[in-house]
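Noted in Swiss-Prot for the protein shown:
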DISULFID  C243-C311  disulfide bond
DISULFID  C272-C333  disulfide bond
DISULFID  C313-C322  disulfide bond
CARBOHYD  N79  N-linked glycosylation site
CARBOHYD  N102  N-linked glycosylation site
CARBOHYD  N172  N-linked glycosylation site
CARBOHYD  N205  N-linked glycosylation site
CARBOHYD  N235  N-linked glycosylation site
CARBOHYD  N247  N-linked glycosylation site
CARBOHYD  N321  N-linked glycosylation site
CARBOHYD  N417  N-linked glycosylation site
LIPID     C3  S-palmitoyl cysteine
LIPID     C7  S-palmitoyl cysteine
LIPID     C464  S-palmitoyl cysteine
LIPID     C466  S-palmitoyl cysteine
REGION    93-120  region 'Required for interaction with thrombospondins, THBS1 and THBS2'
REGION    460-472  region 'Interaction with PTK2, PXN and LYN'
SITE      Y463  site 'Critical for TLR4-TLR6 dimerization and signaling'
TOPO_DOM  2-7  topological domain 'Cytoplasmic'
TOPO_DOM  30-439  topological domain 'Extracellular'
TOPO_DOM  462-472  topological domain 'Cytoplasmic'
TRANSMEM  8-29  transmembrane segment
TRANSMEM  440-461  transmembrane segment
Amino acid sequence: MGCNRNCGLIAGAVIGAVLAVFGGILMPVGDMLIEKTIKKEVVLEEGTIAFKNWVKTGTDVYRQFWIFDVQNPDEVTVNSSKIKVKQRGPYTYRVRYLAKENITQDPETHTVSFLQPNGAIFEPSLSVGTEDDTFTILNLAVAAAPQLYPNTFMQGILNSFIKKSKSSMFQNRTLKELLWGYTDPFLNLVPYPITTTIGVFYPYNNTADGIYKVFNGKDDISKVAIIDTYKGRKNLSYWSSYCDLINGTDAASFPPFVEKTRVLQFFSSDICRSIYAVFGAEINLKGIPVYRFILPSFAFASPFQNPDNHCFCTEKIISKNCTLYGVLDIGKCKEGKPVYISLPHFLHGSPELAEPIESLSPNEEEHSTYLDVEPITGFTLRFAKRLQVNMLVKPAKKIEALKNLKHNYIVPILWLNETGTIGDEKAEMFRNQVTGKINLLGLVEIVLLSVGVVMFIAFMISYCACRSKRVN
């Protein structure tokens, strides 16, 4: 009888040890299986989960616009007063709903090339008004004239066309005209072969961004989705040194197994440069753990604050010898037009940027850019890209519409918020196919290890106690 009991206790201890060992072995083996599966499914080729969502995003992406409506145009034109603006919006468009085109795999370089077609559909139910709403805004053509034609003789000639067209420093335009283009009356009179249609995003509809060539990750998963070339080049020709390089992905996804210490680099054609995001917080998005990466203030810092930005300073006067921060001159990639990009309301910008503009109120929560990235797959499941489009206007003695200005203005035209969040159906699918299976495997590992250890200890204690009793 004693033998049977001892044998049973020993058998229980052995079973517990086996369970514990199996649970311990399952941890690295399970992690290896997960890694192998993820590496297979994030490759950009036919048949993978990543490829299906990469060709055409399953997430609804919206671009909201807020327009800075100028309230005192005459005061500014005559007296060079502060510009009083009233923010109006949001006006919402659905974007990025078209599938990638001309997708071509290159098995030799392990890359895939494509075009991303552009399109925008107005969403009245998500907007405060219609595309026909009218705003008083800076006259884009008149403001650009002194920058494009610094020669005073040329400015005198242009002034005659400006006067004849009855153009001034400010103009009234509908939302549709401002965003997507209108025939400018001043430019229409210029007898040179120039583009007479102008708009903040003109041309956009029926155009395409690219050609992009990105690594498909088949030979090296750490390079998946990273851009190899853009429009056939590895650099942009807008900046000097390393600032001109095209780095990272397009921010829709990143190589898998993202760590908090990683700096996520991505390229944005909207701002004509590569940029980066750093870890901010852990967040739960529809039951999926994600890492929030934020665009740091250092990204638009002056070279004095962040020496790495020295090659983004392209001139010394407007930038006040490269000390101005929070704004980026992208004129070189806008055909020389004096276009400046910043965060909305000059968030993280030099105080002198907002000083000549009334009614700006920068807010970190509303105006910062972030990416919510699922760390195992590297997929971006939610994002908010926020930026402001500004235009420089300078005094010009030979142009009557600008001759009374006493100083330069970097005038905010509009700011946008482009957002996308994984839908409920896609989130459930993601939980079932990825996070759910990983969590289940982790639970099985812990249960096996815990139960095995408890069984082994309990049966061994019982066995030792039984033997001690027999000896006594």
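One-based numbering along the chain as shown.
A Cβ is built for glycine as well, from the same backbone N, Cα and C atoms used for every other residue.
Location within the structure of each feature annotated in Swiss-Prot.
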residue: N79; record: N-linked glycosylation site; contacts (Cβ under 8 Å, 6+ apart): N404
residue: N172; record: N-linked glycosylation site; contacts (Cβ under 8 Å, 6+ apart): T134, F135, T136, I137
residue: N205; record: N-linked glycosylation site; contacts (Cβ under 8 Å, 6+ apart): N118, G119, A120, W180
residue: C243; record: disulfide bond; contacts (Cβ under 8 Å, 6+ apart): R273, N309, C311, F312
residue: N247; record: N-linked glycosylation site; contacts (Cβ under 8 Å, 6+ apart): I227, Q265, F266, F267, S274, Y276
residue: C272; record: disulfide bond; contacts (Cβ under 8 Å, 6+ apart): L236, Y238, I330, K332, C333, K334
residue: N321; record: N-linked glycosylation site; contacts (Cβ under 8 Å, 6+ apart): none
residue: C322; record: disulfide bond; contacts (Cβ under 8 Å, 6+ apart): S302, P303, F304, H310, C313, K316
residue: N417; record: N-linked glycosylation site; contacts (Cβ under 8 Å, 6+ apart): R63, Q64, W66, P90, P344, A384, K385, R386
Among C311, C313, C333, the one of these disulfide-bonded residues whose Cβ has the fewest neighbouring Cβ atoms within 10 Å: C311
For N102 (N-linked glycosylation site), nearby residues of its own chain (Cβ under 8 Å, 6 or more apart in sequence): S113, F114, L115, I211
All-chain count of other Cβ atoms within 10 Å of N235 (N-linked glycosylation site): 15
Mean of pLDDT values spanning the region 'Interaction with PTK2, PXN and LYN' (460-472): 60
Three-class DSSP secondary structure - C311 (disulfide bond): helix
Three-class DSSP secondary structure - C333 (disulfide bond): helix
